[in-house]
Each structure stands twice: as C-alpha cells, then as structure tokens.
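Notes follow once the structure below has been shown.
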Amino acid sequence: MSSGGLLLLLGLLTLWAELTPVSGQDHPKFCYLPADPGRCKAHIPRFYYDSASNKCNKFIYGGCPGNANNFKTWDECRQTCGASAMGRPT
C-alpha cells in the first residue's frame, strides 16, 4: 500500500474513533443509579438516565437528598450519561 493510502486509512480510522459513541463503561457510575425522588415533598421536574433503555426520562424530584442521577435538563442528562438522542421527552 502506498504512503498516501496508509495516510488515508489512518485519517479514516481517526475520524471513526472520534465519531463512535462512548461505551457504557465510560459513563460515570452514578448514571446507573435508579431515579431517587428523595424524602422531601417538593415537586421539581428533573431527568434521570435509565441505563436499561439508554434514555433520559422525566421524574419528579422531592428536593432532598436523592442521588447524583438527577439532572435539571434533558440535554445535561444526555451529555453526562451518553443517552440516545432518540425519544426526547416533550
């Protein structure tokens, strides 16, 4: 293979590595915790990552203490835990 062909192959492999989604093993451990509304009685809409479906879902947070699988926005949840962009809640 010529040096130009090798360079092209290297470039394509590098691009593929950059565009390939992060594997589940690279998610923060708290992404695998269940949704936890906490023991308080507030009614705060939040999102949690559901590792079984690879989606961020809505839940109602009570305000304290809960766990770290608790995000103010769907985008924050998806970016942190690597959820699928499909099935965005309305």
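Cβ coordinates are placed from backbone N, Cα and C, and glycine is handled just like the others.
Note that this is a predicted model, so its numbers are computed, not measured.
Here Swiss-Prot flags Cys31-Cys81, Cys40-Cys64, Cys56-Cys77 as disulfide bond, drawing on experimental evidence. Taken from Swiss-Prot, the feature domain 'BPTI/Kunitz inhibitor' applies to 31-81, supported by sequence analysis. Here Swiss-Prot flags Gln25 as pyrrolidone carboxylic acid, drawing on experimental evidence. According to Swiss-Prot, the signal peptide annotation covers 1-24, on the basis of experimental evidence.
Look at the domain 'BPTI/Kunitz inhibitor' (31-81): DSSP puts its residues at 10 helix, 15 strand, 26 coil.
Put simply, Cys56 is the one of the disulfide-bonded residues Cys40, Cys56, Cys64 whose Cα lies nearest to the Cα of Cys81 (disulfide bond). The shortest Cα-Cα distance between Cys31 (disulfide bond) and any of the disulfide-bonded residues Cys40, Cys64, Cys77 is the one to Cys77.
Per-site Cβ counts within 10 Å over the disulfide-bonded residues Cys31, Cys40, Cys56, Cys77, Cys81 peak at Cys56. Shown in sequence order, Gly38, Arg39, Cys40, Ala42 are the residues of the chain, 6+ apart in sequence, with a C-beta less than 8 angstroms from the C-beta of Cys64 (disulfide bond). Over the domain 'BPTI/Kunitz inhibitor' (31-81) the predicted model carries a mean pLDDT of 97.
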